[in-house]
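Visitor: Grabbed the feature section from Swiss-Prot, which reads as follows:
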- Arg165, Arg418, Asn448: staphylopine binding site (BINDING)
- Cys21: N-palmitoyl cysteine (LIPID)
- Cys21: S-diacylglycerol cysteine (LIPID)
- 1-20: signal peptide (SIGNAL)
Amino acid sequence: MRKLTKMSAMLLASGLILTGCGGNKGLEEKKENKQLTYTTVKDIGDMNPHVYGGSMSAESMIYEPLVRNTKDGIKPLLAKKWDVSEDGKTYTFHLRDDVKFHDGTPFDADAVKKNIDAVQENKKLHSWLKISTLIDNVKVKDKYTVELNLKEAYQPALAELAMPRPYVFVSPKDFKNGTTKDGVKKFDGTGPFKLGEHKKDESADFNKNDQYWGEKSKLNKVQAKVMPAGETAFLSMKKGETNFAFTDDRGTDSLDKDSLKQLKDTGDYQVKRSQPMNTKMLVVNSGKKDNAVSDKTVRQAIGHMVNRDKIAKEILDGQEKPATQLFAKNVTDINFDMPTRKYDLKKAESLLDEAGWKKGKDSDVRQKDGKNLEMAMYYDKGSSSQKEQAEYLQAEFKKMGIKLNINGETSDKIAERRTSGDYDLMFNQTWGLLYDPQSTIAAFKEKNGYESATSGIENKDKIYNSIDDAFKIQNGKERSDAYKNILKQIDDEGIFIPISHGSMTVVAPKDLEKVSFTQSQYELPFNEMQYK
């Protein structure tokens, strides 16, 4: 039994937990005030959307892009329509003429140019996003028409402009010295909520924007409340101090499967899950020259040591489906099957022997040239499911004669390691439905992505060039075939081991309607939600 379950049982026995019989005063007050208060393990951070210090779920309430990516493709948002030149290098956007920033400043072509130029001033920071390297210039054609010129054709351009950041819009009056790369004075966007009171590491209020250009929010306020994951978040939801939780963009799941079930069983809450949004994976660092993971045969062996079916069923409680390939088939251009290695310990053992790592008579750990087969794995300590998976894999690796040292760190530290290459193995995830496949594939060769992980591939330059070429292809079938070829080579290298197809989980009051999802695991349409 989990620690949380034991804690809950003791509190229930002592009568300290409120029961779900309609007597939860905290929930009733929030409904009356048309308010949601969600639990989060981290402060919302810096709400400047042109850098990466803030919570994307919070930023998406404040800021908006030119276009929206939906299950039916790219749709208008701040741009009511657009034209693309025959050579695919010029995008002309025709803007809405009824939009204002939260500070009253009109949203127009000049504001669009200033914002995109501001993002481009810091383009090294955005190199993981291919379009940032291709924007040549932005021209104002008239008050509500703007022209975006690329250095070369790039088919995913609109999809990348539709992302929650960085190509979203801040009031030019908030710029510092005419730009945003060194911060902004305030956080005025065009979205359905305005940032209200923000108490660092405690809470942040997002108040309804009564002057919003689109359909106004049915909620008066959404509040983010900072607290530890686990018992604290669970009890807060039980008492009605908070009444909403979701798998956030920092990789954390504040509530584990036991607490989700208990909250639902009270009758006060509903639990909803999205379609597959991304792929949870194990990244094996081919560039770690001082470790056995630099050996392709060892990486392939590790691929046969991951029992994704057992992980999905027993650790993830069936909430996520086993991932047999890096991208699910609901991802754009991924209309093919490419099964990765199956769980097979005998095959793993054979590959380790082939790589020269032998089991000795006096040790359970394999050795080669007098050196033990030892690896370090990193997981997000804010994710209880990652911790459980790490512990499970530690036991599996031990069976194979590998000493696996597991380390829990913050999501920020994990991201730093991904960039620096200071890891043997780590848990990570694909960029997500809104971004993929282009963003994760582009990240295979980017410093801020997985360049360190792929740097040990013998023919990496050839693969990197294939990636650049694929992004120029306008024909859908040809582009899909190009992606398939790239992914086949990457899978053969054993660097990205898919585990499960992750979805977004929401816990909401039972009487909250229109709880839905977008194409992104990084945002929720709070403005559409309403109480019965």
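Every residue gets a Cβ built from N, Cα and C, even glycine.
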Visitor: What whole-number distance in angstrom separates the two most remote CA atoms of the staphylopine-binding residues Arg165, Arg418, Asn448?
Guide: 20
Visitor: Give the sequence-ordered list of residues that share a chain with Asn448 (staphylopine binding site), lie 6 or more positions from it, and have CB atoms under 8 Å from its CB.
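Guide: The list for Asn448 (staphylopine binding site) reads Leu125, Ser127, Trp128, Thr419, given in order along the sequence.
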Visitor: Are there any residues in the same chain, six or more apart in sequence, whose C-beta is under 8 angstroms from the C-beta of Arg165 (staphylopine binding site), and if so which?
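Guide: The list for Arg165 (staphylopine binding site) reads Pro49, His50, Tyr52, Met56, Glu59, Tyr63, given in order along the sequence.
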Visitor: Quick one: give me the count of other CB atoms within 10 A of the CB of Arg418 (staphylopine binding site).
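Guide: The Cβ of Arg418 (staphylopine binding site) has 22 Cβ neighbours within 10 Å.
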